[in-house]
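Structure first, then comments.
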Amino acid sequence: MAALRTAAAPAFPSASTAPSQPARRCTSAAQPTDTIYTTRHAAPAPRPLPRASSVVARAAGGGAGALPPYNNNLYGARRYGSPANRPQPWQAVAAVCAVAMLLCNFHRSVFTALLPLVADQLALSHAEVGLAQSAMLWGYLAGQIPAGRLSDEHGGDRVLLNGLALWSAATATTAAAAAAANTSALWVLLAARVAMGGFSSVIMPAVSAACAQWVPPERKAATLAMIYAFFNMGGVLGLVAAPLMAARSGWPGAFITAAAGGVLWSALGSFVIERSGARPKQPPAAGAGAGAAGAGAAPAQGAAAPAAGAAAAAPAAASGGAGAVVLGRRETAIQVAALCLCHGVIGWGFFVLQSWLPMYLQSLGVRDLASAGLLSSLPWLAAAFTATLAGGTADRMVRAAGGEPGRRLEVRRLMHTVSTLGCAAAMLPLAAGAGLGCAGGGCEGGLPPLVATACLVAAVGCYGFSFGGFHAYVQDVASADAGALLGLTNTASILGGIAGNIATGLLLQATGGYEGVFLAAACLYGLSWAVFMGVLRGQPIRLKALA
């Protein structure tokens, strides 16, 4: 029996002769897992969840029978509502900006849709209607550069939400024109439109600055594309909803209702961003480097700090690191001028199509307003889709390249090529087949309406790729000055839109058709492609070099 006991003795030290080992070492790959050893030294099994009846009884009894201390694993908080599963601060900023952009274009489209009713009640002439249409654009032009500076200094998200409240109030004052005297109604209307344009001028500089300050570099293109997709959807929503609101409360009530939604989102969006922790500890200094911007913009949540720091360091990453050469005054001026030209071409095409597309379709024989409105909305729906697609594709290509600056520039060039040469190619059939000298209420040739609409869908769809090209490029090279730089380039874009509308009217008056309009736009897109490919090199831009 003694021999049997000796043979059966375990090879491990007994509990009385060796110190016990921590339970975590029992599962180590370096030690064997003997049944006797694991039985002696394994950690106690987790306690099962208490039954509902016992939980209620303990809660009711209190004292020694009260509920056990809160445990993340026991009650599932790690899975639901934990910090790891909450949206990151940059995602909250992007979502709030997207809805604000939707509301901006919604307010614009409400005015466009209700303008016939406004003109009838106020007895406006055609010249006065044109003046009212352009009033918003002049206010929009005047505010670009100040909006860019404010966005860089105080945070793009803050400036955007404050602007939203102000332009919503200006939209509501449009209704005051209905109560004004006949002699002053036009002036009230013009003042409201100029104020709406001036306050809404923050949208593009503020979004650019907010994305540069918060969004990680590998997510910038997709985030910008998503935000501007919401902008395009706001235009479609306004065209559909405005007549319904006017039918219920008249056109003054429709403006007030639309404005109330903007004021409400301004307050709610501020709350969402504050709750997410997406607030810089100090305003991003325009003259600070990437490292200082990253340190000053650290969010309250620790999980989001690397993302904010990475977003602030985007210029260095895109330009070859901290040792990248900063351009001098002359080179900076050339780069900024090239960006202004490219954005000016984008504005030419955007504002011309936005202003003249319904009239162009009517010249093709589409007389029904509902049908013309539906066909006019299809290109902008396509832009919302392609912008989202292009942004995600650009980000995936940048990540696949490891963020290497040269490959990042190649991605931006590819996207810009699609957005320019694609637009030009889609417009050439319209220029070649648009014998649109329409007289006597009928069109003397030209493309069938559905074919022309398909070409326009392709052209505006290609425009959506600019958010993975031009707009993302601005983020790459000028993160610290993204708001101010986009304020400059967007000024050129608005001037391009004004020039495009004037040129379109002159060409129609001189030729009676749209051939020259589409041909001029196609040539300008080709020029934009050549400038982007030949001048822009992905070098970091600091606007202080121009001082």
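Backbone N, Cα and C atoms are what each Cβ position is placed from, and that goes for glycine too.
Straight from TrEMBL, the features:
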- 1-51: region 'Disordered' (REGION)
- 1-25: compositional bias 'Low complexity' (COMPBIAS)
- 28-38: compositional bias 'Polar residues' (COMPBIAS)
- 93-540: domain 'Major facilitator superfamily (MFS) profile' (DOMAIN)
- 186-212: transmembrane segment (TRANSMEM)
- 224-245: transmembrane segment (TRANSMEM)
- 251-273: transmembrane segment (TRANSMEM)
- 336-357: transmembrane segment (TRANSMEM)
- 369-393: transmembrane segment (TRANSMEM)
- 414-437: transmembrane segment (TRANSMEM)
- 449-473: transmembrane segment (TRANSMEM)
- 485-510: transmembrane segment (TRANSMEM)
- 516-536: transmembrane segment (TRANSMEM)
Range from 186-212, 224-245, 449-473 with the greatest count of C-beta pairs under 8 A to the transmembrane segment (336-357): 449-473
Close approaches to the transmembrane segment (369-393) from elsewhere in its chain (Cβ under 8 angstroms; 6 or more beyond its ends): 221-226, 228-230, 232-233, 235-236, 239, 353, 357-358, 361-362, 415, 418, 449, 453, 456-465, 467-469, 472
Feature contact check the transmembrane segment (485-510) with the transmembrane segment (186-212), CB under 8 Å, 3 or more pairs: yes
Region pair the transmembrane segment (516-536) / the transmembrane segment (224-245), three or more CB pairs under 8 Å: no
Distal contacts, the transmembrane segment (449-473) - CB-CB under 8 A, six or more residues away: 208, 220-221, 224-225, 228-229, 339, 342-343, 346, 349-350, 353, 357, 360-361, 364-366, 375, 378-380, 382-391, 393-395, 411-420, 422-423, 426-427, 429-430, 434, 532, 536, 538
